[in-house]
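Taken straight from TrEMBL:
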DOMAIN    12-94  domain 'Ig-like'
DOMAIN    127-186  domain 'Ig-like'
DOMAIN    201-280  domain 'Ig-like'
DOMAIN    294-384  domain 'Ig-like'
DOMAIN    388-477  domain 'Ig-like'
DOMAIN    482-573  domain 'Ig-like'
DOMAIN    578-674  domain 'Fibronectin type-III'
DOMAIN    679-775  domain 'Fibronectin type-III'
DOMAIN    780-879  domain 'Fibronectin type-III'
DOMAIN    883-977  domain 'Fibronectin type-III'
DOMAIN    981-1080  domain 'Fibronectin type-III'
DOMAIN    1188-1285  domain 'Fibronectin type-III'
TRANSMEM  1834-1857  transmembrane segment
REGION    1913-1935  region 'Disordered'
COMPBIAS  1947-1962  compositional bias 'Polar residues'
REGION    1947-1968  region 'Disordered'
Amino acid sequence: MNATITVDDVPPYFKMEPPQTQVHLEGNRLVLTCMAEGSWPLEFKWIYNGSELTRFSLEYRYLIPSLDRSHAGHYRCIVRNRVGAIMQCSTEVQVAYMGGFVEGERSQTVSQGEGALIHAPRIHSFPRPQITWFRDGRKIPSSSRMAITLDNTLVILSTVAPDAGRYYAQAVNDKNGENKTSQPITLTVENVGGPADPIAPSIIIPPKNTTVTVGRNDAIMECVANARPLVKMSIIWRKDGVVVNTGIRDFGRRLVISLPAVSDSGYYECEASLRSSSVPSVTAGAYLHVLEYPVFLKEPPSHITAEMEKVVDIPCQARGMPQPDIVWYKDAMPISPVKIPRYKVLVGGSLQINGLLPDDTGMFQCFARNLAGEIQTNAYLAVTSIAPNITAGPSDSAVIDSMSVILHCETSGAPRPAITWQKGERVLASGSVQLPRFTLLESGSLLISPSHLSDAGTYTCMASNSRGIDEASADLLVWARTRITKPPQDQSVIKGTKAVMTCGVTHDLSVTVRYVWEKSGSVIDVNSSPRLRLDPDGTLHISQTWSGDIGTYTCRVTSVGGNDSRSAHLRVRQLPHAPENPVAALSSKEKRAINLTWAQAFDGNSPLIRYILEVSENNAPWTVLLANIEPESTGVVVGGLIPARSYQFRLCAVNDVGRGQFSKETDRLTLPEEPPSAPPQTVIASGRTNQSIMIQWQPPPESHQNGPLQGYIIRYCLSGLPVDCQMKNITNPDQSSLLLEDLIIWTNYEIEVAAYNGAGTGIYSHKVTEWTLQGVPTVPPGNVKAEAVNSTTVRFTWSAPSPQFINGINQGYKLLAWEPSRSNEVTGVMVRPNFQDSVHVGYISGLKKFTEYYTSVLCFTTPGDGPRSPPQRLRTHEDTPGAVGHLSFTDILDTSLKVSWKEPQEKNGILTGYRISWEEFNRTNTRVTHYLPNLTQEYKVTGLTALTTYTIQVAAMTSKGQGQLSASTISSGVPPELPGPPTNLAISNIGPRSVNLQFKPGYDGKTSISCWLVEAQIGIIGENEEWLMVQELANEPDARSLEVLDLNPYTFYRFRMRQVNIVGTSPPSQPSRKIQTLQAPPDISPGNVTLRTASETSLWLRWVPLPEWEYNGNPDFVGYRIQYFKAGSKGGVLSHIIMDRLEREFTIEDLEEWTEYEVRVQAVNGIGSGPWSQAVHGRTRESVPSSGPTNVSAFATTSSSILVRWGEVQEADRNGLILGYKVVYKEKDSDTAPHFWTVEGNNSHSVQLTGLGKYVLYEIQVLAFTRIGDGRSSSPPILERTLDDVPGPPVGILFPEVRTTSVRLIWQPPAQPNGIILAYQITYRKNSSNSNAATVDVLSPSTRKGWGQAAEALVVTTEKRARPQPTSRPVVPQEEVQARRVLLSWEPGSDGLSPVRYYTVQYRELPESNWTVHSASVSHETNSYIVDRLKPFTSYQFRVKATNDIGDSEYSEESEAITTLQDTPDKAPTILSVTPHTTTSVLVRWQYELDNLNKHKRYEIRLSVYNAIGEGPSCAPQEVFVGEAVPTAPPQNLVVQSSTATQLDVTWDPPPLDAQNGDIQGYKIYFWEFQLQNETERLRTLFLPELGVKLKNLTGYTTYMISVAAFNAAGDGPRSLPTRGRTQQAAPSAPSNIHFSELTTTSVNVSWGEPKQANGIIEGYRLVYEPCTPVDGVSKIVTVDVKGSSPLWMKIKDLADGVTYNFRIRAKTLTYGPEVEANITTGPGEGAPGPPGEPFISRYGSALTLHWTSGDQGRAPITRYVIEARPSDEGLWDILIKEIPKEVTSYTLNLEMLREGVTYDFRVIAVNDYGYGSPSAPSPTISAHKVSPFYEEWWFLVVIALVGLIFILLLVFILIIRGQSKKYTKKADSGNHSNCTSLPLTHGEMVRLDEGHFPALELNNRRLSGKNSFCRKNGIYTRSPPRPSPGSLHYSDEDVSTKYNDLIPAESSSLTEKPSEVSDSQVVCKKQ
């Protein structure tokens, strides 16, 4: 039924389908492309969310210029052609955007212990942003207590009080990179401080139903539970009731199913429970649905052909999860079987069409859709029966060139015919061909747009289908059009120029075109005037245009191909004339004004736009004064002029052509002089000393000086006082400052400044007030009295000094006190002045008690202190003394003891005695008190009661009373002892710098505790780390807690305590737990901050980093903040943060040149910032100015000079001290190098450039220079032309034609035209020396300056002229040879009767061979020439040729080689770098060492080159600071010693002193694992010059290489040679893994991996296993030690059925390391096979056959069977046969595999993919007894026994004969061996390489203290305890019953295993 359709008939099809989803950023441009092909024309339409976006068009793309979120949705395209239409699968466009958080600040509350759910604030974003939670600026990571759910909720489990705080959420859109931070969420924890009772588990975030697609994403199920205590809570996941062990993440809270399959669908449940608790567990669950993308099982063919009225089936079948729905479309329209009953969708999805009709032809699409997506396939159905027929064919047509035409062709037929248009044999358009301009329309017609002349011809329409072909033809005519394609344009030309009016025409070549031009309607006769010309192409030329040519011109074109006409307007313009009769006169109405009048000028046939008025002030160059005078004006008043200056004016008129000529100048007028009209500027006064003030000013603006300044008047007087002012007359007008001296101290002055000229004094400036500086008081305070108030305070009274003697502002008083012997240790107190009271009172407290002091008072001002008052001596009062020292007891008897003590350290007076008292403990009524003299320091207490505890107190006494008591308890008759250590240390209230320590006192040693000591390990915690004293608490015997202060923030501590009594100090307590103090901002700033100049725009900052113990926070977040700003500036503060805690230098870039900066540094960490360092100042290096001077102007003063003026360089751009200026000038558009005119100094801002070319336009710029070099030139360049002058002579006069009576001459304009050449004048005369020669003078006049210099040339009137002869060989006299120029001379040759016009000089540099022209215009009148621009000390040759009117001569013979003289070097060398080499030398590269320099100085280095002639220029200076250089030698004598398993002690000696180059600031210790430097190198930096370090936290038993380098302020020195050291052995890490295999109901194979870090030599492993719950009420713990590093496996056989066991394994070196543990539940597992039928045994000779029947196979087919056996005396089951095929139900085994005489039970186990199944019931017991051969008959044994007896008797007899007395005492072991001979298990299946890739070894007979499982002993079956294999074990069993204690150990052992893995270790068993 299928058939191919016509080749041209290609249905539409998609080259590719769009992605199912695509994500684009909001605001981006989106282009959707419909990638389809097929027969043309293809038309496209776009659908959005089921709605039509566009109509069908040829555009296959859909563009959205700027996406917004409303554009998100499903898009699909529909493509159609004449065959049919198909629809594309939809693509979902997702728009990524991010708005802001829509919630504000909120708060929530949670009870302590409950779980807190902090939901992420809502935010508008797609996709859902990634949320990061922060608290107090720190990121919150996921932990056992902190969970971040899939929907970004923050869950805090088992909340505690510290969880309260402010939480923030930071959202990041991973598509567009935007991030937003939410408002804070405040969490409050309630019920804090209550009992921490257990809280039952609760699931607060249950799993949610989840849907994923196969292979797309991981499936994640989430379950968050809360309980208390949280550490005992566990979460177990189940799928459909089966425990899931893989994919558990995030502390059990998440179950991740990677790349889920359909089989992973199901119900997932999480269970939360508390271990070791009776609280019931809780569960929650959800469903996981895994979708599968639709896949077609059946697809239709791409083309189907069927006949009418037939039935056709279009197959389509798909699968997926869920099952896809099938939807059919025809030509992109859905098919409805209800509307069209002929269409029927069959079961499975195929489409059946009954009774085919022609309209059924088209594209059929099958869409398969489910929740995962959609796919489509299509087929083209062609219904065949009707041949093609052209119902309306094309007709003959005609079209004008460039117009469109349609040739019609309508057809019928089935299938629809394919249309092909041809012109001749050329296919123009079809379903597969489409040429430009030819478009096949859907109706079949042909569109030609636009038409061309070449399109004329016959066109054929061909219609074809599978039934036949039909065609029709028509002719097309194309006419060419005559038209003006280049019409004339409106023109405006200047008078005297040419006007060109174009009239370009295109026309048929066979057509004749006629051009006619008209002007204002009249035909133009081009032959009437020679100024008019008409080209054949119609262009009209009008030469020498004038005002009569103005008008409208029309070009008319006539031809048989059509007529056309176009018009344009012509305007003729000229410059306006100069204004007439300008007159200037002083204004009688206005001061400083001039009236200027003139007569109107001719406007040049173009309206005047404006007048320009120029002025010349004081003969200065002309400048524009008024540039926009109204064109109607005939006069203007020029005001604002400056007195005492002369003015001259001129005008010019301006129209749209340009600026006309200037009028003649007016007569010069001078304004009268006036006093200055403005005060001096910027008057500043500043106090210099306490008797002088500096006054500074700037002159009045030049425009207000009103005449030449003659000086200044300074007027000053006391401010506010009625006194006369004093005057200072300064007669130097250039002076701008004055120091006013001999003024009064600390007095306010008013100062004014005025300038004066010849007309009088000008205006005074505003008054400025300034104080002379303060002085110090000259007298002390009066009436000073001092008296002691108490034992520590002195009271002062005084009166203030007279204000006239204070000499400034009284800042206060200083009260001073000092001990007579310590005059330099003064205690001072500052007291503010009290202006209300006449008597001042002050106190100094905190003085020593009962101590003599000198006292004094002084007054101070800001500059300093005044004199002290006379000292007064006094003593502080007496006070009670401090506690006595060293209280102790001796001679302790039943009724007496001796008490001793020492004097108090603080007597505080004169001791008058001591008070001693004693009393029975806590019985004050028994107190006995005695007073002792002051010299007594011991006392014997008597009358005590035996064995009674007493409290004894001793105190010193002064006249003020009894001092502080020292007390202790003692038992009479019981001598005190050392106390015991405190116990029960607990830590609370952990802060950054303190913790609270609770403890229980230890044994007090039979006396009271006098002091509590706290020791701590700081930073590094370990058994071998030192303990430091951190706190003491004295005289608090009843203390039970204390606060430990002054701790370091963010530091690990472990504490221990001691207690002290009168005997001594106790041993330390047990250490507390390790804690870490909280973080805090750094306490100190970086030290040794220095700032050096690095370059013109950078400063080099250095500091000493913080020591590690000063970080006060996480080292990863420690860094430094640098703040810098211009010194003295209020704003513009910049900062930079360096997040590298070890960084100690930074280069501050992008600074301004030659600017002083203030810089300071602070340390920062994750909590905050530390204090700022002291500010340091530095100035960037001087540089060249970065811009030119401002206000540059230039004025031509003469024809050869220009006056240049300029202003200051902007201060910010000076970059140094301006030493002068350079004016840079050159001719405009000239390639010559610019000229420089240097102006030294910074005071002159103008210069007159002289020697310039006349009437030359110059580019002028000005630059400033510093000592570094030239700055940038001013920009843009100023253009100024020198004035015109008479021209120079013409050049290049030649006579190309000479006759006997006439000549023709040509010439070139003058080399110096000096203006606009208006004409030439030629004169000639007969040469007196030659009758046939004439002299011709050519003169050139200038515009207004007259005739210029004449150029003279000689010509001979003859026709016999020839080229000149070469000159003689040029010579260079040696005396004329210089370094860069030589004088060349020659003799001329014959001129050939034509005088020489000029010479050409060439030179070449030897040894090169190329000649270069030096000059081609050497005057013919000279025979010598200076050749310049040569190189010094270089050899040259020269040659010359002559030129006359006829041509050039040959070149002369080359001169001799001439070598120029030497000269100084041209260029400066380049300094590559200048670096400190030692502390007194620097290394300059270009390489040189400058030594013997002064330390701590900044040097400037310049470098120049010199030779024998002189010195060349020096290079730009380089700066370097001398005094700092890096160490040049490494540390010496490096020694490495091993301290512990994680620590190496490194010591060294400093570098030699002469190589240190300054103070060593520290050392850098580099260390790395041996041969792993690149991977493991680390750095430890010591910022103190210590000579040793302890490298901690190293890897155990590892070789390290250590190298040390010293550093100072200049940088790092070289490293020392690496030294080797190795750490000691340590405990190994946990074994890498545990693996279980061969799991049965009673046994399992256990294997493990080696530790990742052995940290030493592995000596063995310890395996411990136990049931997780008691078995039969008994919980048995089994410990097995495996000696040696292998094997790494073991078989355990004594397990119980269906019990979960916990296995723990750890490795051992010197000691055991951490454990790795895992649980395993014995079989059978879920899905494993059921038990086989009960086996029975048949016996045949020495073989046994075991029979059984198959049981339930479980969830998977049975793969094999296993046979287990055991001795029938209740021994352990052991695998006997492993690999029995699944088809077998019986197995035969040889009795030799079993023990002789032992009875056995057997059972069978089935195995499938789920593991070992349940065992069958045991078989009947059977004895392993074989039929005895003859040698086992009794008679044979009797004979053998008799023979043996005889042999023994014979042997005994021989021994007796030999006198052997030695007895054989060795006892035969036959009783132990007779029935237990070890038989090897030789069956090939007893040992195999199992699934776990390790050998499973079977142990038949073990050397264990128990019974062998396969042996009979003494006829009794004994039971052995649990026994693992292999045998290299240490074994203990806690539940071995005492009934086995009398068992005799079996001493023989036989072990069968693979030879490569035999272990010779022995088994040692012990009872645990």
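Glycine too: its Cβ is placed from the backbone N, Cα and C atoms.
Since the structure is predicted, the reported quantities are computational estimates derived from the model, not experimental observations.
Using a Cβ-Cβ cut-off under 8 Å and counting only residues 6 or more beyond its ends in the same chain, the transmembrane segment (1834-1857) has no close neighbours at all.
Of the recorded ranges 12-94, 578-674, 780-879, 883-977, 1188-1285, the domain 'Ig-like' (388-477) has the largest number of C-beta contacts under 8 angstroms with 12-94.
The predicted model assigns the domain 'Ig-like' (482-573) a mean pLDDT of 86. Remark: secondary structure over the domain 'Fibronectin type-III' (1188-1285) totals 4 helix, 43 strand, 51 coil, with classes taken from DSSP. Residue counts for the domain 'Ig-like' (201-280) under DSSP (helix as H, G, I; strand as E, B; rest coil) come to 6 helix, 43 strand, 31 coil. Counting residues per DSSP class in helix, strand and coil order gives 3 helix, 45 strand, 52 coil for the domain 'Fibronectin type-III' (780-879).
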